[in-house]
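Novice: Got these off TrEMBL a minute ago, pasting:
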ACT_SITE  C94  active site, nucleophile
ACT_SITE  C193  active site, cysteine persulfide intermediate
BINDING   G7, L8, S9, G10, G11, V12, D13, S14, L33, G119  ATP binding site
DOMAIN    202-265  domain 'tRNA-specific 2-thiouridylase MnmA-like central'
DOMAIN    272-346  domain 'tRNA-specific 2-thiouridylase MnmA-like C-terminal'
SITE      H120  site 'Interaction with tRNA'
SITE      Q331  site 'Interaction with tRNA'
Amino acid sequence: MNKVVVGLSGGVDSSVAAAILHNQGYEVVGVTLWLMKGKGQCCSEGMVDAAYICEQLAIPHHIVDSRDLFQTNIVDYLVTGYEAGITPLPCSQCNKAVKFGPMVHYSQKELGIDKIATGHYARITYDADSDRSQLRRAVDLSKDQSYFLYDLTQDLLAATIFPLGEQTKTETRRIAAEFNLKTAEKPESQDLCLIEKHGSMKGFLDQYITPQDGDIVDQNGKILGKHTGIHHYTIGQRKGLGIAAAEPLYVVGLDAVRNRVIVGDRTSSHQTECTVQRVNWVSIPEPTNPIRAEVQLRYRSQPVAVSVIPLENSRVKLVFDEPQFCITPGQAAVWYNGDILLGGGILEKQN
Ligand SMILES: Nc1ncnc2c1ncn2[C@@H]1O[C@H](COP(=O)(O)OP(=O)(O)OP(=O)(O)O)[C@@H](O)[C@H]1O
């Protein structure tokens, strides 16, 4: 019988992923990663719900203490990034370094099981011509999570199943009700799990970074107001600046060295190009010549037409057909051809 380890968060999506595979005849083992140090109320709730689902499906359940990995790869990464005036994206890093990598390792080494599955909304297909696993957007575009998965290696993709990639969230809820799963009615989780646990990113970061007041300045250095600590701001932010101005002002820069938040009008932050580092080519091998694609510069942003120009050392230059507003260093740029995710990387701070 085919065996698979399902990553169970205690939410409805992973519960249904496990139920679908179990129903298809897989021998399923549930694995829950214990992620967060501290009070961990949210984690314990998730672990109990995951245990409940395993009991319902009559499958084994393992809890793996991954708190040190999460602390180093996510908490420390975020704190260091915000202190340096960038806005790091924790989710893609978490998927690669905390979830998929260690889960595949645990499954293969500890349990002798080759495959893992998660409740992500994305699809994986195999392209025989290039001998590559290709990552594709989910059928339900409103739930598509491929953006957060751009950093997965070929080995990880080859070991992964996404049972929910072909269905809508409504169908997931229907299946959860049909199987009478305890998690069927559980509300949607937030895009960012840390916000769920701490109320806001500010609430989370203030535990680690002592807020230090400073000046809000325009692009000529003129002081316009006061900020409460640069880690409370992100590029593109308009609300909460506390400055009265004739035209809307946006955060266009975070100067960690001088502890300043820089603001400007909308057009002043337009960029026609930018660079990206730590690039992972997913569905195609690294090209030697520029390619055309559609790039997403944030999770919820619309893809825009771009030329992707390969550079040395796993970097690329992106040249946009239309200028882009408030490109945020630390976030991921992920480029697609239709529904196929070609590659992605981290937006660099431009000097
Ligand atoms: N702590 C965890 N342990 C094991 N797997 C996890 C854990 N957290 C998330 N996952 C896996 O990653 C998938 C996507 O996680 P995400 O945090 O985006 O939650 P989600 O899309 O709301 O899914 P769910 O409804 O299952 O919580 C989950 O469906 C699950 O398979």
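Don't overthink the numbers, they just go from 1 along the chain as shown.
Every residue gets a Cβ built from N, Cα and C, even glycine.
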Novice: Fewest other Cβ atoms within 10 Å: which of the binding-site residues G7, G11 wins that one? Let me know.
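Specialist: Per-residue Cβ counts within 10 Å for the binding-site residues G7, G11 bottom out at G11.
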Novice: So which recorded positions out of S9, G11, D13, L33, Q331 are up against ligand 1, CB under 6 A?
Specialist: S9, G11, D13, L33
Novice: Taking the residues G7, L8, S9, G10, G11, V12, D13, S14, L33, G119 listed for ATP, what is the greatest CA to CA distance in Å, to the nearest whole number?
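Specialist: Spelled out: the longest distance between any two Cα atoms in G7, L8, S9, G10, G11, V12, D13, S14, L33, G119 is 16 Å.
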Novice: Pop the Cα-Cα gap between G7 (ATP binding site) and Q331 (site 'Interaction with tRNA') into the table, whole Å please.
Specialist: 25
Novice: Report, in whole Å, the straight Cα-to-Cα distance of H120 (site 'Interaction with tRNA') from G7 (ATP binding site).
Specialist: 10
Novice: Restricting to the recorded positions C94, H120, C193, which ones have a CA within 10 Å of the CA of D13 (ATP binding site)?
Specialist: H120
Novice: Give me the non-local Cβ neighbours of H120 (site 'Interaction with tRNA'): same chain, 6+ apart in sequence, Cβ-Cβ under 8 Å, ordered along the sequence.
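Specialist: Once residues fewer than 6 apart are set aside, H120 (site 'Interaction with tRNA') is near D13, Q145, F148, L149, F162, L164, G165.
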Novice: Give me the CA-CA distance between the residue listed as 'active site, cysteine persulfide intermediate' and L33 (ATP binding site), in Å, as a whole number.
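Specialist: The Cα atom of the residue listed as 'active site, cysteine persulfide intermediate' is 14 Å away from the Cα atom of L33 (ATP binding site).
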Novice: Through the lens of DSSP with three states only, how would you label S9 (ATP binding site)?
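Specialist: Once the DSSP labels are grouped into three classes, S9 (ATP binding site) ends up as coil.
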Novice: What mean pLDDT does the predicted model reach across the domain 'tRNA-specific 2-thiouridylase MnmA-like central' (202-265)?
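Specialist: It averages 90.
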Novice: Quick one: Cα separation, S9 (ATP binding site) versus the residue listed as 'active site, nucleophile', in Å?
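Specialist: Rounded to a whole number, the Cα-Cα distance is 14 Å.
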Novice: Work out the three-state DSSP category of Q331 (site 'Interaction with tRNA').
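Specialist: SS state of Q331 (site 'Interaction with tRNA') = coil.
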Novice: Inside 10 Å of the Cβ of S9 (ATP binding site), count up the other Cβ atoms and send me the figure.
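Specialist: There are 22 of them.
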Novice: Is it possible to get the count of other C-beta atoms within 10 angstroms of the C-beta of D13 (ATP binding site)?
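Specialist: Neighbour count, Cβ to Cβ under the 10 Å cut-off: 25.
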Novice: What Cα-Cα separation, expressed in whole Å, is found between G11 (ATP binding site) and the residue listed as 'active site, nucleophile'?
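Specialist: Distance (Cα to Cα, whole Å): 17 Å.
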